[in-house]
Ligand SMILES: Nc1ncnc2c1ncn2[C@@H]1O[C@H](COP(=O)(O)OP(=O)(O)OP(=O)(O)O)[C@@H](O)[C@H]1O
């Protein structure tokens, strides 16, 4: 993809995927499922292969970061996070039957807003912010962030 800026050299950008999701009736419309199949599946495969995985959503306000990651209520409107959690536990169930491996899944959920860190899984601490510290071996971490063991994915409102 090329962009031309006045009196400057053309800039070239490379994309692995470019999604269009403005008009569902058009043939190249990318649904939440399509986006998950293109981005989420690989993340899961890499995680099961033992790699750390990260999805970084970046864009201007209102551009659809939350919609892409969490989605909206309604059939097939779920975003990458609920689909990834579902796929994770489905895959664990398959691999544990018969039980040859055991898996331990833990979850943390935090928000960084205006340079303040909040634990979204601990309602008591959502009003105060947590400190980011540096561990000599493990590197940066959020002091006091909840890390909860989970055995299934269920959306709770
Ligand atoms: N692909 C999409 N299909 C349908 N609705 C969408 C889509 N992307 C975004 N929206 C809607 O557009 C609005 C803004 O999207 P969203 O809140 O995800 O943006 P954001 O990038 O997270 O914004 P902010 O940075 O302000 O938090 C929401 O109402 C969302 O439901």
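Placement of Cβ uses the backbone N, Cα and C atoms for every residue, glycine included.
The domain 'Kinesin motor' feature in TrEMBL is assigned to 1-157.
Sequence annotations record features per position, and here TrEMBL assigns ATP binding site to 59, 60, 61, 62, 63, 64, 65, 66. Reduced to three states, the DSSP call for residue 62 (ATP binding site) is coil. Residue 62 (ATP binding site) has a Cβ environment of 8 other Cβ atoms inside 10 Å.
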Which one, from the binding-site residues 59, 64, has the smallest tally of other C-beta atoms lying within 10 Å of its C-beta?
59
Segment confidence, the domain 'Kinesin motor' (1-157), expressed as mean pLDDT:
89
